[in-house]
Amino acid sequence: MGRLLFSCIAVTVLCASVSMALSSYHPSGLTVGFYQSTCPQAEEIVRSTVAKAVSDDPGVAADFLRMHFHDCFVRGCDGSILLNSTKKSTAEKDHPVNNPSLEGFDVIDQIKAKLEAACPNTVSCADIIAFTARDSIVLSGMNHYDVPAGRRDGKISRASDVPKNLPPPTFTVKQLIANFARKGLSVDEMVTLSGAHSIGKSHCSSFTSRLYSFNNTVATDPTLDPAYAASLKQQCPSNANTDNTVPLETISPLRLDNVYYKELLRNRGLLASDERLFTSPVTKGLVLNNAIYGTVWAEKFTRAIIHMGTLDVLTGTKGEIRKNCGVVN
Ligand code: HEM
Ligand SMILES: *[C@@H]1O[C@H](CO)[C@@H](O)[C@H](O)[C@H]1NC(C)=O
Ligand SMILES: *[C@@H]1O[C@H](CO)[C@@H](O)[C@H](O)[C@H]1NC(C)=O
């Protein structure tokens, strides 16, 4: 009996370690292949839905990448960005930083509906965001990478948490470094992740102060390439009554690549926070390296996104698996 018990334990331990090795444990408590046994088709359901959404509207890829960042920096990667406001409280998604510029929530809802049909109460909304970000990154030309999963969904989303955690485009390099450091992200990771601005767009309101009201004596930010500044003024007139959008990086706005850094070298960074990465001596060398060594940047970007995706995650029995990403159970 004793021996039988012993071999049962040995077999259990062996199986546990083998399955651990297969699904690759991550220090954050997340695992690659988390849904392998509970919902093997989960990642493929996400991938095919994102592929369709991006082929219908290529701009959605940038939304998912930004959504992952905005989810993870505010209360951790817990899907709090997806919760709707209630009568009692305004949610993160309705803070002006996110509303109206952050889109793609309808696609997340479609994905969640398919996942609930295939494997009810299993796949968290927080993991859906991490998967959609990965798929968007890959569809934008980067290499595939495995997403450690097993995040659970938070139950709180407050608009007031947004400005305390997300950096505005007016931040100096010193402020950007401090903001990322609070999340455990290095200076190199901050500069590397800013390369996300190689895709997507910005509303004029996020940078028009650089065009028309730089300081008391100078209207236009002198660190802006003059031809680029002139073109931006055309796209964003000072008397406009709509908040237009322009590409964050003009050369290849649908490709996630290191052209963003090459543009910074040419004084064509759109946001003040972008251009300062090159004008500040603290980060200039990192920008130069990323501009020259595109493959190295791409590898660092993948590692940094995986790291960002582990920030303050809820695992185990914490949080819940939302049935509907817009509302707590
Ligand atoms: C370094 C500090 C950062 C600042 C100050 C910043 C700020 C901004 C701003 C102001 C916009 C334009 C919003 C608008 O007016 O429509 C934007 C867009 C975007 N950001 Fe960032 N961001 C930062 C870092 C990041 C990071 C780390 C990521 C992802 C890893 C990211 C991904 C994006 C993407 C993809 C867009 C385009 C969104 C779209 O096309 O809908 N950003 N960001
Ligand atoms: C405005 O910016 C210009 C260019 O950077 C600078 O030379 C000047 O000192 C600034 N003026 C004020 C009042 O800050
Ligand atoms: C959340 O709000 C959006 C838009 O206001 C709406 O389409 C969606 O159905 C809402 N979700 C839930 C679960 O109420």
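If you go along the chain as it appears here, the first residue is 1 and each next one adds 1.
Using N, Cα and C of the backbone, Cβ positions are placed for all residues, glycine too.
Going by TrEMBL, these are the annotated features:
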type     : residues                     : note
ACT_SITE : H70                          : active site, proton acceptor
BINDING  : D71, V74, G76, D78, S80, E92 : Ca(2+) 1 binding site
BINDING  : P167                         : substrate binding site
BINDING  : H197                         : heme b binding site
BINDING  : D257                         : Ca(2+) 2 binding site
DISULFID : C39-C119                     : disulfide bond
DISULFID : C72-C77                      : disulfide bond
DISULFID : C125-C325                    : disulfide bond
DISULFID : C204-C236                    : disulfide bond
DOMAIN   : 29-329                       : domain 'Plant heme peroxidase family profile'
SIGNAL   : 1-23                         : signal peptide
SITE     : R66                          : site 'Transition state stabilizer'
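Neighbour counts of Cβ atoms within 10 Å were taken for the recorded positions C72, V74, C77, C125, C204; the minimum is at C204. Note on the residue listed as 'Ca(2+) 2 binding site': other Cβ atoms within 10 Å of its Cβ, all shown chains, come to 20. For C39 (disulfide bond), the nearest of the recorded positions H70, C72, E92, C236, C325 in terms of C-alpha separation is C325. Here P167 (substrate binding site) is positioned 23 angstrom away from C236 (disulfide bond), judged by their C-alpha atoms. Residue density at D71 (Ca(2+) 1 binding site): 29 other Cβ atoms are found within 10 A of its Cβ, drawing on all protein chains shown.
Surrounding the centroid of the Cβ atoms of D71, V74, G76, D78, S80, E92, where the record places Ca(2+) 1, the chain contributes additional residues within 8 Å, namely H70, C72, F73, R75, C77, G79, I81, G154, S157, D161. The number of other CB atoms found within 10 A of the CB of the residue listed as 'active site, proton acceptor', across every protein chain shown, is 21. In this structure, the recorded positions that sit close to ligand 1, with a C-beta under 6 angstroms from any of its atoms, are R66, P167, chosen from R66, C72, S80, P167, C236, C325. Geometry remark: C77 (disulfide bond) versus C125 (disulfide bond), CA distance 10 Å.
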